[in-house]
Amino acid sequence: MDFDVIVIGSGPGGYIAAIRCAQLGMKTAIIEKYSALGGTCLNVGCIPSKALLDSSEHYYNAAHSFAQHGISIKDMQLDFGQMIKRKEEVVGQMTKGVEFLMNKNKITTYIGFGSFVDKNTVKVKSNDGQEQQISAKNIIIATGSKPSSFPSMPIDKKRVISSTEALKLPEVPKHLIVIGAGVIGAELGSVYARLGAKVSFVEFAASMIPTMDGTMGKELQKSMRKLGADFYFSHKVTSVENKGDSVVVRAENNKGGLLELEGDYCLVSVGRRPYTDGLELEKAGLKTDERGRIAVNDHLQTEVSNIYAIGDVIRGAMLAHKAEEEGVFVAETIAGQHPHINYLLIPGVVYTWPEVAAVGYTEEELKTNGTPYKAGTFPFKALGRARASMDTDGLVKVLAHAETDEILGVHMIGARVADMIAEAVVAMEFRAAAEDVGIMSHAHPTYTEAFKEACLAATGNRALNI
Ligand code: FAD
Ligand code: NAI
């Protein structure tokens with residue numbers, strides 16, 4: 001065998017798995033079809049979207065709230081080209097960073113398309129058409145996901161676009177129609193709404209971010225309305241038509257009402273599908289399930305015991321940090337260790353402003369499961385820190401067991417909650433009661449006081465500042 005481990009795909013799942021394998025003394029190779037390492041997350045996902053979210057938030061604040069802070073800017077202008085250029089620079093720094101880490105850990109990198117020859121051998125076809133075969137005792141599939149769509153909304157990458165094109169548009173749309181008000185729709189819709197686009201959401205479900213706790217969707221919608229966004233919930237898209245320099249979206253609501261919207265771009269953000277195209281899984285004795293995912297057991301092992309799969313290509317949340325945890329998990333499993341992942345405590349974050357962050361059970365899930373619970377909430381507007389920064393939108397909601405007081409779920413919307421949710425993860429990992437957090441000192445004035453106060457509210461309605 002040429003290697004102990006071959007990793008196919010260099011996203012956050014694959015590159016982290018490769019590093020951990022190398023740390024554990026395994027001779028490791030990684031295969032990536034694109035010349036830049038880092039996968040969806042670094043190239044066309046987490047990092048570029050956050051770069052544009054940060055830039056557009058600066059622009060929006062400069063235009064709308066600097067004056068209240070006593071800062072006046074004359075002749076402020078948007079240089080959208082520079083915004084895109086800066087985003088590309090950030091991506092470049094990050095992907096070069098992964099390259100550095102591969103070299104530092106003595107991981108052999110193959111740039112080319114990987115496909116199975118048999119359960120221990122992978123063929124790598126490089127862009128210039130050259131082919132070579134490499135073999136390993138173990139193979140980790142980390143080939144990620146691609147945007148999905150429906151026949152009624154074919155993505156042409158010009159007017160009807162996925163998130164990938166939305167990260168590099170040549171101009172700010174005048175009217176962006178977003179199909180799907182999930183995470184991508186909320187984030188990229190925010191970017192363009194802040195830059196002055198009219199944004200209309202057409203969503204199948206009855207609220208924004210419908211898989212999160214219901215309170216979050218309602219609160220996020222209020223904030224997005226302030227950016228001028230329109231919402232068409234409970235609508236099924238029937239057709240999307242590229243008319244050259246415009247796009248027409250037709251939909252039908254659940255009462256049979258018809259909707260027709262005309263915009264200059266239509267972002268299709270209705271989910272992502274696992275990506276295994278061209279992998280020739282069958283040559284290794286593998287197949288995908290009815291949703292295109294690679295089936296794995298609790299050890300993330302496929303039905304062929306030396307082949308593992310991680311990240312977006314398997315079941316579970318399609319999140320970079322979930323893929324990373326699984327990368328470490330598989331490397332340690334191959335090394336004979338007994339790692340553990342607590343899937344309930346993988347946080348989810350939406351990087352709008354205010355941000356949304358959550359961990360554990362939603363209120364809807366607790367109701368469905370019949371778990372006795374109590375809820376405590378605390379609004380951002382009652383925080384000194386939020387008043388000082390004028391970030392008063394949002395709240396923290398803590399769900400605790402009605403009898404034991406153990407925290408079962410934490411749902412936050414507000415300034416910097418993407419960072420604040422880590423405290424809730426720690427508390428829940430150590431199975432804290434709401435009262436435990438309520439009696440811990442939190443620096444004043446900080447946004448984190450909202451979590452303490454919500455915990456106090458859940459513990460016999462003891463919040464202090466409301
Ligand atoms: P990927 O990152 O998709 O990487 C798979 C890699 O495998 C790719 O580089 C691909 O080219 C390569 N590959 C595939 N097949 C082959 C083959 N046959 N041979 C060689 N190489 C191959 N998640 C978060 O947690 N936080 C966020 O803020 C966030 N923001 C996002 C924003 C957007 C716009 C999008 C689209 C996604 C975002 N995500 C975010 C999701 C996140 O990007 C994914 O969950 C994550 O990248 C999955 O990692 P992965 O390693 O499983 O796969
Ligand atoms: P999503 O699953 O978050 O949202 C898709 C939305 O589209 C849902 O609200 C769904 O009800 C709606 N929808 C589905 N079919 C529809 C139809 N025919 N018509 C209208 N609406 C329809 O998926 P999204 O936003 O595409 O993101 C894909 C993945 O990427 C997510 O799983 C997410 O985890 C990941 N991601 C994570 C981010 C983060 O962690 N901050 C940011 C962006 C993406």
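Note: Cβ is positioned from N, Cα and C throughout, glycine not excepted.
TrEMBL lists 3-327 with the feature domain 'FAD/NAD(P)-binding'. The disulfide bond feature in TrEMBL is assigned to Cys41-Cys46. Here TrEMBL flags Lys50, Gly114, Thr143, Gly144, Ser145, Asp312, Met318, Leu319, Ala320, His321 as FAD binding site. Taken from TrEMBL, the feature NAD(+) binding site applies to Gly180, Ala181, Gly182, Val183, Ile184, Gly185, Ala186, Glu187, Glu203, Gly271. Per TrEMBL, active site, proton acceptor is recorded for His444.
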Largest inter-residue Cα distance among Lys50, Gly114, Thr143, Gly144, Ser145, Asp312, Met318, Leu319, Ala320, His321 [record-listed FAD binders, Å]: 30
For Lys50 (FAD binding site): intrachain residues, at least 6 apart, with Cβ closer than 8 Å: Tyr351
Assigned conformation of Ala320 (FAD binding site) - DSSP reduced to three states: helix
Span of the NAD(+) site, taken as the largest CA to CA distance across Gly180, Ala181, Gly182, Val183, Ile184, Gly185, Ala186, Glu187, Glu203, Gly271 (Å, rounded to a whole number): 15
Among Cys46, Thr143, Gly182, the recorded positions whose C-beta sits under 6 Å from ligand 1: Cys46, Thr143
By Cα-Cα distance, the member of binding-site residues Thr143, Gly180, Gly182, Ala320 nearest Cys41 (disulfide bond): Ala320
Residue from Thr143, Ser145, Met318, Ala320 whose C-alpha is spatially nearest that of Ile184 (NAD(+) binding site), among the binding-site residues: Met318
The one of Thr143, Ser145 whose CB sees the fewest other CB atoms within 10 Å, among these binding-site residues: Ser145
Rounded Cα separation (Å) that holds between Ala320 (FAD binding site) and Gly182 (NAD(+) binding site): 17
Candidate with the highest Cβ count within 10 Å, taken from the binding-site residues Gly180, Gly182: Gly180
Cβ-Cβ distance under 8 Å to His444 (active site, proton acceptor), same chain, at least six residues away: Gly384
Other same-chain residues whose Cβ falls within 8 Å of the Cβ centroid of Gly180, Ala181, Gly182, Val183, Ile184, Gly185, Ala186, Glu187, Glu203, Gly271, the recorded NAD(+) site, in sequence order: Val178, Gly189, Met208, Ile209, Ser269, Val270
Sequence-ordered recorded positions from Cys41, Thr143, Ala186, Ala320 with Cβ under 6 Å of an atom of ligand 2: none
Packing count at Glu203 (NAD(+) binding site) (other Cβ atoms within 10 Å of its Cβ): 26
Rounded inter-Cα distance in Å - Gly180 (NAD(+) binding site), Met318 (FAD binding site): 16
